[in-house]
Amino acid sequence: MMKAVIRLVPPGRGQLAPKHLFYTIIQMLLTSTMSTWYLCYCSRADLLFLFLGKAKFIGELLVPVAPFDQKSGRETWTVAFAPDGSYFAWSQGHRIVTLVPWSKCLKNFVGEGSTGAGPQRLSRQNSEGGTVVPVGEPREHTIDCGDIVWGLAFGSSVPEKQSRCVNIEWHRFKFGQDQLLLATGLNNGRVKIWDVYTGKLLLNLMDHTDIVRDLTFAPDGSLMLVSASRDKTLRVWDLKDDGNMVKVLRGHQNWVYCSAFSPDSSVLCSVGASKSVFLWDMDKYSLIRKLEGHHNDVVSCEFSPDGALLATASYDTRVIIWDPHVGTVLLELAHLFPPPSPIFAGGANDRWVRSVAFCHDGRHIASITDDRMVRFWTIDEKSPKTIAPLINGLCCAFSIDGSVLAAGSRDGSVHFWACPKGIASLQHLCRMALRRVMSTQQVQKLPIPPRIRSYLSYQDL
């Protein structure tokens, strides 16, 4: 017989109010197989860790901080992993972007070749001092971008992917297959393109009139870059055409916070203030549809690896999982129980969801919220699988193999957790393989039993 015992503590400041404790316990009872319960007052964090499980913390990257340095500009607004897994980059504040070899960083965290004594803390000063890096190996270095960095994105080239500008035969830059670029979106509205290996500035793209909040490269290797800005526009740049601006996407009535490509690079999702979620056809550069369902600003978005799902995070305390092909809501991941009213969700609350990330296994989702929690979800459950504490979290991203989640915070540091482990079912792997090449409309036309059709369409979430 399994028993759940909640640690006895007297009710006090910061403890759950009886009503909220009641709702939390009811939620746990509905989702747990425990058979014996001992209920009492406890802190919200204790309660969550007890029932949901704590994510494994593996390390953090810290930056040197001067005494009393609490000014704005220190925030880690974005973190990113290189497509080949060679580098990890984060905006550590004060105009600086740091690039570290990911394999070396991970070895230090897990203790390979060292004492292996638990999570490790690395500082930029210590990691640079007197280290001899063999020729050809990725090496750690920093880039001074000249202004506060809000957006980061890695891009790699596929030589067979030609520029869309076919009338110009001569280009200043010819990107090879081994080329790795880093795009940075700045506070002054500029987008700077850097060579990752040398730290050399290649291009300086100037057209936005306000902060460039987010950057994303097309995953097909075409080096098409989309920048999202507070000037209410998205701009499409062709780096194989020396950074020529191809198109301006207009439609947002307020700030644009984030954008994300579908895995086949055919669809772009952009989210922003005023509850907006837009889907764009990137072959015609036209609006496909608007998705309606959020009650507050939408600040983060990402497609699943097979392109069949779209996750959006909002200040309304929810992450919504959509079917981007038909625009329907498949699942809502609530960060507040009971669900708040639209009036409460549309205003200030302590459950703003800051960021969402899809794991590359297609099963796990991570979210960062203002309640000082990181949550790991699975697409087949409505409650978190594991959680972890994080103060002032702002952004998150999974490593390329999906084993590690990186999360940036307001103090310029980055924290790392291991993704919950699990073996995907054969059915899920087959579904992902099929959905990479078939849309929801095509699946609905298949002559198969309704139950299988529902599973392939993710309608059973």
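In case you wondered, yes, glycine gets a Cβ from its N, Cα and C as well.
Positions annotated as domain 'SOCS box' by TrEMBL: 425-461. Mean model confidence of the domain 'SOCS box' (425-461) amounts to 95 (pLDDT, 0 to 100 scale).
The annotation region 'Disordered' is assigned in TrEMBL to 114-136.
Per TrEMBL, repeat 'WD' is recorded for 175-204 (among others). The DSSP breakdown of the repeat 'WD' (175-204) into helical (H, G, I), extended (E, B) and coil residues amounts to 0 helix, 17 strand, 13 coil.
Across the repeat 'WD' (205-247), the DSSP tally of helix, strand and coil residues reads 3 helix, 24 strand, 16 coil. Residues or ranges marked as repeat 'WD' by TrEMBL: 205-247 (among others).
Same-chain residues lying 6 or more positions outside the repeat 'WD' (249-290) and placing a CB less than 8 Å from one of its CB atoms are 213-214, 216-220, 222, 224, 226, 228-230, 232-236, 296-303, 305-307, 310, 312, 314, 322, 324, 327, 436. Residues annotated as repeat 'WD' in TrEMBL: 249-290 (among others).
Annotated repeat 'WD' per TrEMBL: 291-323 (among others), in sequence order. For the repeat 'WD' (291-323), the residues of the chain that approach it from at least six positions outside its boundaries are 255, 257-264, 267, 269-279, 329-336, 339-340, 342, 345-347, 349, 351-358, 360-362, 365, 367, 369, 377, 379, 395, 431-433, 435-436, 440, 457-458, 461, judged by C-beta separation under 8 angstroms.
Under the heading repeat 'WD', TrEMBL lists 353-387 (among others). Among residues of the same chain six or more beyond the repeat 'WD' (353-387), those with a C-beta under 8 A of the stretch's C-beta atoms are 27, 31, 48-49, 52-55, 299-306, 309, 311-315, 317-319, 321, 331-335, 393-398, 400-402, 405, 407, 417, 419-420, 422, 424, 428, 432, 458, 461.
The residues of the repeat 'WD' (397-417), classed with DSSP into helix (H, G, I), strand (E, B) and coil, number 0 helix, 12 strand, 9 coil. The repeat 'WD' annotation in TrEMBL covers 397-417 (among others).
Only residues 6 or more beyond the boundaries of the domain 'SOCS box' (425-461), in the same chain, are considered here, and those with a CB under 8 A from a CB of the stretch are 263-264, 305-309, 321, 323, 325-326, 330-331, 362-363, 379-380. Helix first, then strand, then coil: DSSP counts for the repeat 'WD' (249-290) stand at 0 helix, 24 strand, 18 coil. Same-chain residues lying 6+ beyond the ends of the repeat 'WD' (205-247) with a Cβ under 8 Å from its Cβ atoms: 78, 83, 150-158, 161-165, 168, 171-173, 175, 181, 183-187, 189-193, 253-261, 263-265, 268, 270, 272, 280, 282, 285. Long-range contacts of the repeat 'WD' (175-204) within the same chain: residues 82, 84, 86-87, 89, 91, 97, 99, 138, 141, 143, 145-159, 210-215, 217, 223, 225, 227, 229, 231, 237, 239-240, 242-243, each at least 6 residues beyond the stretch ends and with a Cβ under 8 Å from a Cβ of the stretch.
As a summary of secondary structure, the repeat 'WD' (353-387) carries 0 helix, 20 strand, 15 coil according to DSSP.
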